[in-house]
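Trainee: One structure coming up, written as structure tokens, with questions to follow.
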Amino acid sequence: MGANSKSVTASFTVIAVFFLICGGRTAVEDETEFHGDYSKLSGIIIPGFASTQLRAWSILDCPYTPLDFNPLDLVWLDTTKLLSAVNCWFKCMVLDPYNQTDHPECKSRPDSGLSAITELDPGYITGPLSTVWKEWLKWCVEFGIEANAIVAVPYDWRLSPTKLEERDLYFHKLKLTFETALKLRGGPSIVFAHSMGNNVFRYFLEWLRLEIAPKHYLKWLDQHIHAYFAVGAPLLGSVEAIKSTLSGVTFGLPVSEGTARLLSNSFASSLWLMPFSKNCKGDNTFWTHFSGGAAKKDKRVYHCDEEEYQSKYSGWPTNIINIEIPSTSVTETALVNMTSMECGLPTLLSFTARELADGTLFKAIEDYDPDSKRMLHQLKKLYHDDPVFNPLTPWERPPIKNVFCIYGAHLKTEVGYYFAPSGKPYPDNWIITDIIYETEGSLVSRSGTVVDGNAGPITGDETVPYHSLSWCKNWLGPKVNITMAPQPEHDGSDVHVELNVDHEHGSDIIANMTKAPRVKYITFYEDSESIPGKRTAVWELDKTNHRNIVRSPVLMRELWLQMWHDIQPGAKSKFVTKAKRGPLRDADCYWDYGKACCAWQEYCEYRYSFGDVHLGQSCRLRNTSANMLLQYI
């Protein structure tokens, strides 16, 4: 009886939510709303860096091991072959750093479909450790989303944007994906992009400008894209990219940092995540293209405003790279007048974000690092001279009706490095001697010493600094509504609201609200007035890791509630209310040991089902909870 009751309740809830989310009709006569059947919306998922499976498209015999590579064998990520046949695995992963072609003996290509982004290394042990979008898709199924309504658009995350289009026609295919979704389901799509996937989507929007006649560009966007959720977007780059370039980042894999560096520097996409200055812009290729004259490559350089040279560190918290290089050669006369200590004293050079993006760093260490020439080649050919636009320039708000920028915050994040020669041959010729972290209110070194710099009250998500994540706050208008609410389910007693907060363009906006200790909050910055017919929102999730944010149940709950709110013709506000958050699923119910009953008695009840192993597992949504979403209108 218990099992049947659970099945009936679960089915009833799913059917109810399916009707509410997917079957609603809109009658709102507002330009920001999609006019039509919301059951016809599609979801387009663009994964981040290293978040798509790569499969072999070669036959490679690996000596000294029975594990060879055959067509469609998993390459990224197969830890078994990585451990037993690392040289073969390396050949299937590496690219030529100059022309981005495959290794002569092995080539890999991105997998397709949703399975390519759910688990990178499927298996009983490795699967849970390499999960990316699996939990996201579980929510889609639980809330009754149709299988053809969610579309993944994997890509070869090793390539630069120009090579993605040149080799795979990726952006042509992405355009067709949007058009197919519209034709198949009859409505526009919602874009979910994570990490570098946002860079891919931004490039697509700029590429689309040159693909579609200017007078049809905005119309195409309105017809095909209802909302854009930018999750963990490195809008001004990530310092980990330059760390990977100089010393290698292993991502916890059983490879040396030198091997990781060789791979990373063969991928031109590593530079796509390079930090850059908010004060420097490139030529507007769009207007040059339609003005009748082709832009000269030698003129497509950075143009920086006065603030770049008046402010420190290109607006970042500190100099991103501080590197020791051997002293320059001196004449014999000068050598006589120098002590041995002075003669051996290395030179410490510091570089800002602008000096990383324009190649100054690589030119300075060109004589000491064999990778510098290759990096300069990639930087100029694939980014500075990109035929669409220079991706290493600050973002403007995408011309989409509804934009939601979402990221984690308040975690200790790397913002700068000290490098020195290691005395070892390439690729291990640099060693990190110190790391600078941003903490709330200060910058500290790896040893805990306070460092001078532009420290802010908010920090990043452990991977991308706050300065880069929060750039989207510049997309908000002069008046912003701020709401801070606890991340867990709550009754509204700890919700803080400030309306019409002044926001000066170019400056940060921070919620000046008191937080209870040991409580994680989510802060909403919302603006629906500054741009007629458009909505912009920024969500800051406390203590949410960059790589895990797409698995956050809090994020998924808020996303579904916002979409549920949007489909309601009787919605009284532009954004879903934050006044209260109750359980939405059986998994949200739990046992309150202090009261010896299920928490949230209004929504949950104790209902044992065969196989339950603890009290909390027997707490389930009540049969009467099907109308619980009505409070969010």
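Using N, Cα and C of the backbone, Cβ positions are placed for all residues, glycine too.
Straight from Swiss-Prot, here's the annotation block:
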type	residues	note
ACT_SITE	Ser195	active site, acyl-ester intermediate
ACT_SITE	Asp461	active site, charge relay system
ACT_SITE	His505	active site, charge relay system
TOPO_DOM	1-6	topological domain 'Cytoplasmic'
TOPO_DOM	30-633	topological domain 'Lumenal'
TRANSMEM	7-29	transmembrane segment
Trainee: Please list residues from the chain of Ser195 (active site, acyl-ester intermediate) whose Cβ is under 8 angstroms from its Cβ, counting only those at least six apart in sequence.
Mentor: Pro47, Gly48, Phe49, Ser51, Val231, Gly232, Ala233, Pro234, Val464, His546
Trainee: Report the same-chain neighbours of Asp461 (active site, charge relay system): residues 6+ apart in sequence with Cβ closer than 8 Å to its Cβ, ordered by sequence.
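Mentor: The list for Asp461 (active site, charge relay system) reads Gly232, Tyr407, Gly408, Ala409, Leu411, Thr413, Leu469, Thr544, Asn545, His546, Ile549, given in order along the sequence.
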Trainee: Along the topological domain 'Lumenal' (30-633), what average pLDDT does this model show?
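Mentor: Value for the topological domain 'Lumenal' (30-633), mean pLDDT as a whole number: 89.
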Trainee: Could you tell me which three-state DSSP class His505 (active site, charge relay system) falls into?
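Mentor: The three-state answer is coil.
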Trainee: Within 10 Å of the Cβ of His505 (active site, charge relay system), how many other Cβ atoms are there?
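Mentor: Excluding its own Cβ, His505 (active site, charge relay system) sees 11 Cβ atoms within 10 Å.
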